[in-house]
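Encoded as structure tokens, the structure appears first; notes follow it.
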Amino acid sequence: MSNKQAVLKLISKRWISTVQRADFKLNSEALHSNATVFSMIQPTGCFHLGNYLGATRVWTDLCELKQPGQELIFGVADLHAITVPKPDGEMFRKFRHEAVASILAVGVDPEKASVIYQSAIPQHSELHWLLSTLASMGLLNRMTQWKSKSNIKQSTNGDYLVNDSDVGKVRLGLFSYPVLQAADILLYKSTHVPVGDDQSQHLELTRHLAEKFNKMYKKNFFPKPVTMLAQTKKVLSLSTPEKKMSKSDPNHDSVIFLNDEPKAIQKKIRKALTDSISDRFYYDPVERPGVSNLINIVSGIQRKSIEDVVEDVSRFNNYRDFKDYVSEVIIEELKGPRTEFEKYINEPTYLHSVVESGMRKAREKAAKNLADIHKIMGF
């Protein structure tokens, strides 16, 4: 077995014991007494349903459970966002603003959690450089996100078909994205990181870099952060349920936003791609991806198992009734966040004060931890 194969096998083995799937509703046993929770989301404007169910509702649950001695840091990953170029500065600034409004709208309490802009805390970038001296090209090449964002072709079984020409076109920032993500997490000595399924591979790399640093400098400095996966499976596009819901989808009817009006939500769900296999509604992501996506959405919102939702919708025998039920569930869930978003988006001074307060606390911790890292490394 080569050294590279041994490292990859070790990472995979340890990953199993450092991932926890969040319950439908977190309880006080989810975190230990001095836990530090860290998570960020890219600024793409007002959050959509996938952002909400796949990430930020867990943040809200954690705020409700926070105990003295625990720390929550949630942020806007604006440095990560520019790994895909954002040439319109004014629009990007607007998206950053809307991201903060969305974080508060879903229920994150700024009295319990620090809300930050990644770019405003320079220690993120410096630790990125320090960790990049430990990260091998082989491990980074194994990451899938740079391949998906570079539109690398995939085989029928989902493997990426990478050639030298493809690699030569990849921007360095996108390729090293996972190292910056590791720096974001380790800078605060985070113990728990809520992420979606598509980010779990990056948390493997984060733990690997933490262990490598600790072993190299013979210090137990960085904890191995636990991956907290949301209970809801990935929310998919309403029109193309083979890919995840995304604001960049050219078909706006594919995405449900927090600030969508009830009539818009109902229209989008009625137009959602389903099938003609049966007028009985059951969960089968391969044969019935559209129907399964709608069942998954209801499961996430209601915090019920897929099996329970399938039983609930068994009373419907036509698509209109089924889809109207899904619409009602979504409309009711987003009623509060929609109202709160409209309130916060019109309070820029308050949003600025929330971020400034959060960054003051985060900068203090970031500065202390980076100073300790400098001392360990001999700077």
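Backbone N, Cα and C atoms are what each Cβ position is placed from, and that goes for glycine too.
As recorded in Swiss-Prot, the features of this protein are as follows:
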BINDING   GLN42, HIS48, LEU49, GLY50, ASN51, GLY196, ASP197, ASP198, VAL235, LYS244, MET245, SER246, LYS247, SER248  ATP binding site
MOTIF     43-51  motif ''HIGH' region'
BINDING   ASP184  L-tryptophan binding site
MOTIF     244-248  motif ''KMSKS' region'
Under 8 Å by Cβ from LYS247 (ATP binding site), same chain, sequence gap 6 or more: THR44, GLY45, HIS48, VAL255, PHE257
Alpha-carbon spacing, GLN42 (ATP binding site) to the residue listed as 'L-tryptophan binding site', which is rounded to whole Å: 13
Secondary structure content, the motif ''KMSKS' region' (244-248) (per DSSP, counts of residues): 0 helix, 1 strand, 4 coil
DSSP three-state assignment (helix, strand or coil) for VAL235 (ATP binding site): coil
CB contacts for GLN42 (ATP binding site) [other CB atoms within 10 A, all chains]: 19
Number of other Cβ atoms within 10 Å of the Cβ of LEU49 (ATP binding site) across all protein chains: 24
The one of ASP184, ASP197 whose CB sees the fewest other CB atoms within 10 Å, among these binding-site residues: ASP197
Integer Å distance between the CA atoms belonging to the residue listed as 'L-tryptophan binding site' and MET245 (ATP binding site): 25
For the motif ''HIGH' region' (43-51), the number of residues DSSP places in helix, strand and coil: 3 helix, 1 strand, 5 coil
Neighbour tally for ASN51 (ATP binding site), based on other Cβ positions within 10 Å of its Cβ: 25
